[in-house]
Amino acid sequence: MAEKALEAVGCGLGPGAVAMAVTLEDGAEPPVLTTHLKKVENHITEAQRFSHLPKRSAVDIEFVELSYSVREGPCWRKRGYKTLLKCLSGKFCRRELIGIMGPSGAGKSTFMNILAGYRESGMKGQILVNGRPRELRTFRKMSCYIMQDDMLLPHLTVLEAMMVSANLKLSEKQEVKKELVTEILTALGLMSCSHTRTALLSGGQRKRLAIALELVNNPPVMFFDEPTSGLDSASCFQVVSLMKSLAQGGRTIICTIHQPSAKLFEMFDKLYILSQGQCIFKGVVTNLIPYLKGLGLHCPTYHNPADFIIEVASGEYGDLNPMLFRAVQNGLCAMAEKKSSPEKNEVPAPCPPCPPEVDPIESHTFATSTLTQFCILFKRTFLSILRDTVLTHLRFMSHVVIGVLIGLLYLHIGDDASKVFNNTGCLFFSMLFLMFAALMPTVLTFPLEMAVFMREHLNYWYSLKAYYLAKTMADVPFQVVCPVVYCSIVYWMTGQPAETSRFLLFSALATATALVAQSLGLLIGAASNSLQVATFVGPVTAIPVLLFSGFFVSFKTIPTYLQWSSYLSYVRYGFEGVILTIYGMERGDLTCLEERCPFREPQSILRALDVEDAKLYMDFLVLGIFFLALRLLAYLVLRYRVKSER
């Protein structure tokens, strides 16, 4: 019995719960609680005092007459401009949790994207940082943007993800980084799941991890886009409590929030409420109801003020937005805040003066060198690929299974002159399989990784070139091993020439074709806006590549006006090189058990396939050019997409 009681205490239960457990064990009726239950507060106050975080000077953001317009219609048929934000002015100070509210389509996310520096073209007005015009690249280094969708690499543990962030963002010793990571995880309640993969975390844990990853370098400004969306009430309270604590630690916390509960609503320090792209209220939370009351808008008793202002902005009480716009422009918000002060003549407290900068961020470079970034990202990408069941394990097994199947289907036909065309079909199918096995996994996975890359790159974790080199290089070992395993099975089972040089050339051509196909997959994935588009475009691009490969139609048969297309088919060079490897290089006559064998001499096979004048080294050279050109093109597409996000 005593052990059961100690177990209950160890689980965090109070003495009353222990007594109840004992009573229930004895079979008696449970006692009636004679006192009211008191709710346990779980404010995360540790977020205010991180001793190992790098020191950063606080930041105040001021914006004056901010407007934003976009072109309507597609690029080939512009129909004028649409104004999304109109004449917004205000100031967001340190130590404040600011909530940007408004109905759907009010411009909340657009407004925050402009403040964070994610939107520049089409913006008018001025943004000041600590009283000086904002220098965008410097500002981006001292701020972070935590998006609504918590895009995390699913195959890393919480601790591994945090160490990657620390290694990329900080230049301190490894011991200091580990202490910092432990401190952040403990403060944010993630230490218990530090060895859990991010794919297995709950919604609230994922949100807190997204915050922890950005908190490593202690940014003085943090932007949150709908941080409570998709979370239950307890998780919402934990996240908002964390943001409140971070603000009290000297940071400027700005977040968009759609319709918070009354409990969450009162945790904000200031509100900036939008409707139809214009401000209808700005000021402290406690002043909202008196301000609306002064305008003749009475919030019903026991009604959530957040719900009430959204209903007003949505027009449920009539079109009151023009009146609210004029009231803000005429300064009624500031006047009402002044009247609500304890002393009537007291001016609302301004933002505290800027202290001398502790650790100014003047350099436009990243915290670590490109080589260091490459090494960290290469290790992370390699580990993710190694742990990915679909991308790696299934891909490897498919090469083994299909290789055995093809080997059994075309068993020992490589030296049979009467089955030459069956053998060429086997060789072509090998190129076809290796092409799709390299193309489709990349097409399917790269668009999903793009969201993680965009978040990390735009938050100044690493450079584009470091990420791209690590991404392309980390997958090369796997992309080499799988074709070599396939070729080792198929080549010997199908009875191809038992010469080491021919086998090595065959494997090299197969690997080169697979690498080119993977490069095309990177290009398609980088250029596609969604997984659905990439999934459609990938197989479609393979059709002309296969048609002009030289297997279905010889080069001389192709119409003159389409012959140029054959030079753009990388499968053509892989297939041509394989044919030269198997039947060229002065191979002896094939065995034939029939009386008449027109393809006993390998040279006749080369003439029939129209490759007798082809050069093997040219096939390797062209495949290498395809590989480099597609990789470079994919990099340029990625660079364009990054610039278009700014």
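Placed from the backbone N, Cα and C atoms, the Cβ positions cover glycine too.
Per Swiss-Prot, Glu499 and Tyr640 occupy opposite sides of the membrane [differing topological domain names]. Local packing around the Cβ, expressed as the count of other Cβ atoms within 10 angstroms, is greatest for Asn422 among the recorded positions Ser104, Asn422. When the Cα atoms are compared, Lys108 (ATP binding site) and Asn422 (N-linked glycosylation site) turn out to be 64 Å apart. Contacts of Ala106 (ATP binding site) defined by a Cβ separation under 8 A and a same-chain sequence distance of 6+ are given as Leu274, Ser275, Gln276, Gly277, Ala313, in order along the sequence. The separation of Asn422 (N-linked glycosylation site) from Gly107 (ATP binding site), Cα to Cα, is 64 Å. The least crowded of the binding-site residues Pro103, Gly105, judged by other CB atoms within 10 A of its own CB, is Gly105. Counted over every protein chain shown, other Cβ atoms within 10 Å are most numerous around Gly102 among the binding-site residues Gly102, Gly107, Lys108, Ser109.
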